[in-house]
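A.B. asks: In case it's useful when we look at the structure, here is the feature table from Swiss-Prot:
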- 1-18: signal peptide (SIGNAL)
- CYS29-CYS65: disulfide bond (DISULFID)
- CYS59-CYS255: disulfide bond (DISULFID)
- CYS66-CYS258: disulfide bond (DISULFID)
- CYS190-CYS342: disulfide bond (DISULFID)
- CYS245-CYS278: disulfide bond (DISULFID)
- CYS267-CYS419: disulfide bond (DISULFID)
- CYS271-CYS406: disulfide bond (DISULFID)
- SER490: O-linked glycosylation site (CARBOHYD)
- SER492: O-linked glycosylation site (CARBOHYD)
- SER494: O-linked glycosylation site (CARBOHYD)
Amino acid sequence: MDLTAVALLVSLVSVSLSAENAGGKARSCTDVRQFYSGKGFTLNGVPQSEISGEHLRICPQGYTCCTSAMEETLSNLSRREFEGLVREAGRSIQALLNAQYRTFDTYFLELLNGSERWLEEAFVAALGELYRLNAGVFRDLYAELHRYYSGASLNLEEALDEFWMKLLERLLKASDPETASLLSDDFLDCASKQTETLRPFGDAPRELKAKLVRAFIAARAFVQGLNAAGEIVRKVSQVPLSPECNRAIMKLVYCPHCRGLGSVKPCINYCKNVMKGCLANQADLDTEWQSLIETMLQVASSFGAEPSMDTVIYSIPVRISEAVLAMQENMEIYTSKVFKACGDRGEEGTPSSISEEPKKKERTVTALEYKPSPKSAARLEVQVTDVYSKLKEMQLYWIQLPSALCSGKTASSTTGDKCWNGITKASYLPEVMGDGLANQINNPEVEIDITKPDRTIRQQIMLLKIMSNRLKNALEGNDVDFQDTSDDFSGSGSGMCADHLCVRGRPPVFGPKTDRPKLYATGPENKRVKGSGNQIQPSFILLIVFFVSLLLRR
């Protein structure tokens, strides 16, 4: 059969489809007018009964109740609603991340502040005025710990070493206050260099550093991970819908109304294909997003492992008390060795009058001991369990988003041919596409140029990789410097409440017993998508094949 015959058949079928209502009386547009005014639009120019639809650019060109102006208005509305729902879905995830950030941050700072209070109370009771005169050394230590946890660019190991050096200097001067002013800077510098060999504080500095540095690295990495995840969700959720994808959303949502089928819900697989096409770039976040969440789950689990987080934080006063006690008990031996190594000369070369038999102090420090209470252990367990469950809920967010946005707005799978398939009320035959950009090459609803991924989303995928690697380093106890991404993750919690859009107390989008977001969300930026308004549907193809087979029999 020649091409002319095929073209003639296609034309005949098209005419028959567009004239399906020609034989009968034009239907009333009362329902469409009521729907349109319910959306807040004026009824000026809205037809009273169906008109020919050759003017339509998105919806099927059969008899319709929509003018060109109505189609454009509803198309713009579908875009706003879709983008709004994706942002709302993103805000619910941001709210979950923000809640976890606030809960953990509160818990951690309570531990740190409680540790500082305990040290001060114990040392004031033990040393009285001597502690008050030197309290700045201890306060400086805790201030540095706060700064490090908050993201300051400092080396925590060096900060701890600096603390021990200052403490050594103060204890040396306190051992004989009458001659303390005669100790030269050179002598004190020499004395500090002897600590590695003489170990005046015993094993306390080494034991504190080993556990404390690892715990703080993990805690800082964890809150930065929560912050980074929230910021990535915010940026991706704001990627605008492309014009071509807007056509597919309009066809899915409002074209049924123009056809007089406003009560007919979209076929579920039809909706999924539109969503998977429009959110293809977003779905490509899945691999790295899951990797980030999995690593954060490992970090969260480490907080409850021995030694637990609270034990490590409260070990600061314990180790300091052990160190001071060791120094007091061995002061005579230590000063003797220091004078032997560093000389006994004071400032400006004058002989030091420091006694080689330091005076024994009446007041001394007792070694502290921390025993976690059952209440403290239970709170930590609840903290870890809650973090674990909430992060698990959002692990599949990006690939669940298309189905979540279709949930509740589509016909059930048992309705068969009683759903909107993009053309009319009938069954939907195409298979559901896979997730991600590469799987949309044969999407019947949204044809995407898979060679042009969205730039903004690709940048966020790279940031997810960077963040995951940093968290993995933190698990190994390796220090993590977040300052080089301060432009992307600025300040604590910057990704959680952007533009005052924090959602307080909102249930999660995904996971058990949650309300799914309503229909339709945002499409990727700069991607080439072609609408499916002119595509030949399966039922149409079957009709053509039927006519062709008849001709071939001639």
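Placed from the backbone N, Cα and C atoms, the Cβ positions cover glycine too.
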A.B. asks: Could you check what DSSP calls CYS419 (disulfide bond) once collapsed to helix, strand or coil?
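C.D. replies: Where CYS419 (disulfide bond) sits, the three-state DSSP reduction gives coil.
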A.B. asks: Taking only the Cα atoms, work out how far CYS271 (disulfide bond) lies from CYS66 (disulfide bond), in Å, as a whole number.
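C.D. replies: Cα-Cα, rounded: 22 Å.
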A.B. asks: Taking the Cβ of CYS190 (disulfide bond) as centre, how many other Cβ atoms lie within 10 Å?
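C.D. replies: That number is 14.
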A.B. asks: Comparing the disulfide-bonded residues CYS258, CYS278, CYS419, which residue's C-beta has the most other C-beta atoms within 10 angstroms in this structure?
C.D. replies: CYS278
A.B. asks: Can you tell me which disulfide-bonded residues out of CYS278, CYS342, CYS419 are within 10 A of CYS258 (disulfide bond) by Cα, answering none if there aren't any?
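C.D. replies: Cα filter at 10 Å returns nothing.
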A.B. asks: Sorted by position, what residues of the same chain at least six away from CYS29 (disulfide bond) have a C-beta under 8 A from it?
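C.D. replies: Sequence-distant Cβ neighbours: VAL46, PRO47, GLN48, SER49, GLU50, CYS65, GLY260.
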A.B. asks: Nearest to CYS66 (disulfide bond) in three-dimensional space, by Cα, is which of the disulfide-bonded residues CYS190, CYS255, CYS267, CYS406, CYS419?
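C.D. replies: Comparing Cα positions, the closest of these disulfide-bonded residues turns out to be CYS255.
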A.B. asks: Within 10 Å of its Cβ, which one of these disulfide-bonded residues (CYS255, CYS271) has the largest number of other Cβ atoms?
C.D. replies: CYS271
